[in-house]
Amino acid sequence: MPGIRLLLAAALLCCPPPAGATSWWSLAQNPVQRPEMYIIGAQPVCSQLSSLSPGQKKLCQLYQDHMMYIGEGAKTGIKECQYQFKQRRWNCSTVDNTSVFGRVMQIGSRETAFTYAVSAAGVVNAISRACREGELSTCGCSRTTRPKDLHRDWLWGGCGDNVDYGYRFAKEFVDAREREKNYPKGSEEQARTLMNLQNNEAGRRAVYKLADAACKCHGVSGSCSLKTCWLQLADFRKVGDHLKEKYDSAAAMRINRKGKLELVNNRFNLPTVEDLVYTDQSPDYCLRNESTGSLGTLGRLCNKTSEGMDGCELMCCGRGYDQFKTVQVERCHCKFHWCCFVKCKKCTEIVDQYVCK
């Protein structure tokens, strides 16, 4: 990508902000507006984004039209994280500052690994689609080669999601902060940097791997005698499900004297570039703890009959739960009327709900 690596090299001369203090994820909270909306003569928006590292600010200045979509990607990743963990003690809750997730991300846990991966995946997803939609000046439709297993009579063309460009740009931008760091070999700080880079890559690979051919039929009366196919991103829920499986099988790692991550337990297989890794055990997230950033589970809804993580016994960490009644309003007794609408009544139901003490 022209100019990006030179800009990143120059950015290495600058001093990075304190680890974990801020994050580009905050672009999800404060989306950057389109460049054409800036007031002429105003200070460039990139210099005002304190959550970006020096290298990321350089990329922002060069690719300002990309920033809105980086924010969208971060928002997509955060939303998916909250969906995947909604029934867990840690539910990917955010805080109202530029760290986005608070101090909990300073722990090199499985949860941190997933968050880095799904956020990086969100950027690939958003940039790839923006290319296809003609929103960015430096990319367009996908130019990926025809899949070998595509039916020989089908046409390969159309305007596909540009996953190649999305992957490359996300790698340069998201990894920039980690690449600017120069910690002592074998240090805990270096271990965390390598962990972040591994998980960022796993997230990007998930989007790349799950993208597939989509086709449209042509022919007389929809006979589908001919198809035109193109590359299309997978639904992001599929990416989230894939990364959640990687979370469940994440590898515990430690740093060695050579400055490389190695398995804590050699009986397991080495992680591939598609796997998540972590360096710290997760806190239990049961109680609010300012030092770890845990918000605790006080007041969380739980399922009285479930034996899973959403069950009251596990969610409430054995502290017990309170029961209360709530009124739910739902559509009911729906009927189709000619032509052509459905008319429903509203039904109310009193249901029991349970919250952790």
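Note: Cβ is positioned from N, Cα and C throughout, glycine not excepted.
Per Swiss-Prot, the feature signal peptide maps to 1-18.
Residues annotated as disulfide bond in Swiss-Prot, with similarity to another entry given as evidence: CYS81-CYS92 (among others). In the three-state DSSP classification, CYS81 (disulfide bond) falls within a helix.
Sequence annotations record features per position, and here Swiss-Prot assigns N-linked glycosylation site to ASN91 (among others). The secondary structure of ASN91 (N-linked glycosylation site), as reduced to three states from DSSP, is coil rather than helix or strand.
Under the heading N-linked glycosylation site, Swiss-Prot lists ASN97 (among others), citing sequence analysis as support.
Among the features that Swiss-Prot reports, disulfide bond is placed at CYS131-CYS139 (among others), with the record citing similarity to another entry. If you take the C-beta of CYS139 (disulfide bond) and look for same-chain residues 6 or more apart in sequence within under 8 angstroms, you find ILE127, CYS131, ASN162, TYR165. In the three-state DSSP scheme, CYS139 (disulfide bond) is classed as coil.
CYS159 (disulfide bond) falls within neither a helix nor a strand when secondary structure is assigned with DSSP, and so counts as coil. What Swiss-Prot records for CYS141-CYS159 (among others) is disulfide bond, and it gives similarity to another entry as the kind of evidence.
In the three-state DSSP reading, CYS229 (disulfide bond) counts as strand. Listed in sequence order, LEU150, TRP154, LEU155, TRP156, GLY157, GLY158, ALA213, ALA214, CYS215, LYS216 are the same-chain residues six or more apart from CYS229 (disulfide bond) with CB atoms under 8 A from its CB. The feature disulfide bond is assigned by Swiss-Prot to CYS215-CYS229 (among others).
Feature annotation from Swiss-Prot assigns disulfide bond to CYS217-CYS224 (among others); the stated evidence is similarity to another entry. For CYS217 (disulfide bond), the number of other Cβ atoms no farther than 10 Å from its own Cβ, over all displayed protein chains, is 12.
Look at Swiss-Prot and you will find SER221 tagged as O-palmitoleoyl serine.
As annotated by Swiss-Prot, disulfide bond applies to CYS286-CYS317 (among others). Under DSSP, CYS286 (disulfide bond) is assigned to coil, being neither helix nor strand in the three-state scheme.
Of all the Cβ atoms in the protein chains shown, 15 others lie within 10 Å of the Cβ of ASN289 (N-linked glycosylation site). Annotation comment: Swiss-Prot describes ASN289 (among others) as N-linked glycosylation site, evidence class sequence analysis.
Within the same chain, residues at least 6 positions away in sequence whose Cβ sits under 8 Å from that of CYS312 (disulfide bond) are CYS302, ASN303, LYS304, SER306, TYR321, TYR354, CYS356. Marked as disulfide bond by Swiss-Prot: CYS302-CYS312 (among others).
Positions annotated as N-linked glycosylation site by Swiss-Prot: ASN303 (among others).
The Cβ of CYS316 (disulfide bond) has THR297, ARG300, CYS302, CYS356, LYS357 as same-chain neighbours under 8 Å, each 6 or more residues away in sequence. Look at Swiss-Prot and you will find CYS316-CYS356 (among others) tagged as disulfide bond.
For the recorded site, CYS347 (disulfide bond), the DSSP three-state label reads strand. The number of other Cβ atoms within 10 Å of the Cβ belonging to CYS347 (disulfide bond), over all protein chains shown, comes to 11. The disulfide bond annotation in Swiss-Prot covers CYS332-CYS347 (among others).
Within its own chain, CYS344 (disulfide bond) has ARG331, CYS332, HIS333, CYS334, LYS335 as residues 6 or more apart in sequence whose C-beta sits under 8 angstroms from its own. The disulfide bond annotation in Swiss-Prot covers CYS334-CYS344 (among others).
Local packing around the disulfide-bonded residues CYS81, CYS92, CYS332, CYS334, CYS340 was summarised as the count of other Cβ atoms within 10 Å of each Cβ; on this measure the leading residue is CYS81. Straight-line distance linking the Cα atoms of ASN289 (N-linked glycosylation site) and CYS317 (disulfide bond), rounded to a whole number, equals 15 Å. CYS302 (disulfide bond) carries a strand DSSP state (E or B). In this structure, CYS332 (disulfide bond) is part of a beta strand by DSSP. Cα of CYS141 (disulfide bond) to Cα of CYS217 (disulfide bond): a span of 20 Å.
In sequence order, GLN82, PHE85, ARG300 make up the list of same-chain residues 6 or more apart from ASN91 (N-linked glycosylation site) whose Cβ falls under 8 Å from its Cβ. Ranking the disulfide-bonded residues CYS81, CYS159, CYS217, CYS347 by Cα distance from CYS286 (disulfide bond) puts CYS81 first.
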